[in-house]
Every structure is written in C-alpha cells, then in structure tokens.
Amino acid sequence: MKTEQLQTEQKRIHFDGVMQKLGPFLGLFILVIIVSILNPSFLEPLNILNLLRQVAINGLIAFGMTFVILTGGIDLSVGAILALSSALVAGMIVSGVDPVLAIILGCIIGAVLGMINGLLITKGKMAPFIATLATMTVFRGLTLVYTDGNPITGLGTNYGFQMFGRGYFLGIPVPAITMVLAFVILWVLLHKTPFGRRTYAIGGNEKAALISGIKVTRVKVMIYSLAGLLSALAGAILTSRLHSAQPTAGESYELDAIAAVVLGGTSLSGGRGRIVGTLIGVLIIGTLNNGLNLLGVSSFYQLVVKGIVILIAVLLDRKKSA
C-alpha cells in the first residue's frame, strides 16, 4: 500500500514538474489560436512584428524581475526607474550628450537606483515590498521634479538613436533583437554560472545559503542592480520609440512584469522558475494586449481582463506551492 502511495506521489510530482515547464507554452498556444480565430489579422506579418516591438520593453523589465522573484523578493520600483532614467537620458541628449553615451549613463543610473533598493532590503532589513514601494514613490517624485511634469522633446534626428526604438535589422524590430540578446545573456547567467546557482539557493532557503558560504547580501544587491539596469535600458528604448520622455512613463509596468514572471511559472515564494518561462509569459501578456486591441475592446475592460489573468496566475502559483 505504501509503495502504491509512493508511486502515485512520484507521478504527481513528475506531472507537476512537466506542467510547470510546458504549461506556459500551452497557455500561449491556446491564446494565439483563440485570438487568431476571433481576428485572423492577428497572424499577419506586420502585426506580429508590431507585437514583438511592443513586448520588448516589458520583456527586459520582466527578465530583471525574474531574478528578484527567484530570491523571494519583489520590486515595485521598476516602472519608476524606467521613467526617471528615460527622463535623464532625454535631458542629456537635449543638452548635447551623444545618444550612445546618454544610454550608457542612463543604464548606470538605473543600476545605481536598483542598488539602493538592494541596500535598503539587505542592510536596512526592510521588506522588499515596503522598500521598493517607498523608492517607487521617491523616483516618481524625482521624475516629476526633473521634468516639471512636462514631456522632454527636441531629441534631434540622430539616426542610431531613432533605430534603437523604432528601427529594423533584417526585417526584425531592433527592440525585439535587444530583448532576445538580453534573454540569451541572462539565460546563461542564470543557468550556467555560479551566480545563477546562488540566486536559486537564496530563494530556496536563504538561511541555508548563508550557512553554506554564499554572500547573500552581495548577490541580492547585484540582482536589484541588474533589475534597475534592465529597467533603464527599457526606458531608453521607450524614449527612442516615442522620441520624447514622458513624466508618467512606466506606470503599472511593474504589474505587467510581475504577471509575466508568474505566468511563466516562477514561484512568488522564490527558488523555482525559469527565464524561458518569463519570455513566454511576456508573449502571453503581449498577445493578450494586442488581441484585445484588435478586437476593439475598451482599455478599461482590458485592465479588468489583465487583472483577472494575474489573479488566476497567482492562485495557480499558490496551489503549486501548497
């Protein structure tokens, strides 16, 4: 009897593991079929390219959020970091700074802002939710102070900067290429390096990781810095695409990123998840947004639908963790 129970439990664990890996792919496949049936224009090449451009920004933010959530943390400030770094990049370009240098400096600033989050959480012993909620408010305020609440325009006609957010390379949107390159680098970092193994170890059992010699504080600060850097990179892409910096940019982007991570199978309790799943989650959110737009659904109802999807994803995560 005990042997049968053990075999049944092993089968259940195996099934749960398979569903964790294949579930996001299956969800995306079903969603694409439904949207395609309701509006065949969804699969037109022009719309697919537009979809890839749209998901790039959320993709970059969600990749950083994946590392954060894998440690059992959360970062509510990513949208505010995007807005502040976007404004600073635009301001530098208007002041005559070379766009490439401005983007690099913007990413460094984003990493520093993320580092502040990491230090508040590790050295300040603050809960990630509270710490990043506070910095989100501060960064939003600094953005409004810097821009005086007005968009920053007059970014010039630099070809390279325009290409960064709106251009194509071999027929593929440059933002999508940027997202894919970031994905490859981060996949290697997470799955093929000691840093990635330490990230999983901290999320699985932080006390055990500390006892085993992992420098938890350093790893966490680096992870939040990485999340800030990727948010700033996303902000630079948005600035290029809009050819301006909006003081309200990035609002609710943190929710889309968290939704993508959870839909991709990463556990909110940490220690379990894959960046491949996050990429699929990003495509699910993007397909949902794009499909609802094609169907002419009001933006108000879109928020309701997105909220329901996030709720379902969290409930499924809790069920798996139980």
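Cβ atoms here come from the backbone N, Cα and C positions, even for glycine.
As given in Swiss-Prot:
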type	residues	note
TRANSMEM	22-42	transmembrane segment
TRANSMEM	48-70	transmembrane segment
TRANSMEM	77-94	transmembrane segment
TRANSMEM	101-121	transmembrane segment
TRANSMEM	126-146	transmembrane segment
TRANSMEM	169-189	transmembrane segment
TRANSMEM	219-239	transmembrane segment
TRANSMEM	294-314	transmembrane segment
- So which residues does the transmembrane segment (22-42) touch in its own chain, when a touch means Cβ under 8 Å and the partner is 6 or more beyond its ends? 263-265, 277, 280-281, 283-284, 287-288, 290-291, 294-295
- Message: How about the transmembrane segment (169-189) with the transmembrane segment (48-70) - do they touch, taking at least 3 C-beta pairs under 8 Å (6 or more apart in sequence) as contact?
- Response: yes
- Would you kindly check 77-94, 101-121, 219-239, 294-314 and say which stretch has the most C-beta pairs under 8 angstroms to the transmembrane segment (48-70)? 219-239
- Note on the structure: Note: vs the transmembrane segment (77-94), the recorded stretch with the largest number of Cβ pairs under 8 Å from 101-121, 219-239, 294-314 is 219-239
- List, by number or range, the same-chain residues at least 6 past the transmembrane segment (219-239) whose CB is under 8 A from its CB atoms? 56-58, 60-61, 63-65, 67-68, 71, 73, 75, 78-79, 81-86, 89-90, 102-103, 106-115, 117-119, 121-122, 155, 164-165, 175, 178, 182, 195, 198-199, 202, 245, 249-250, 253
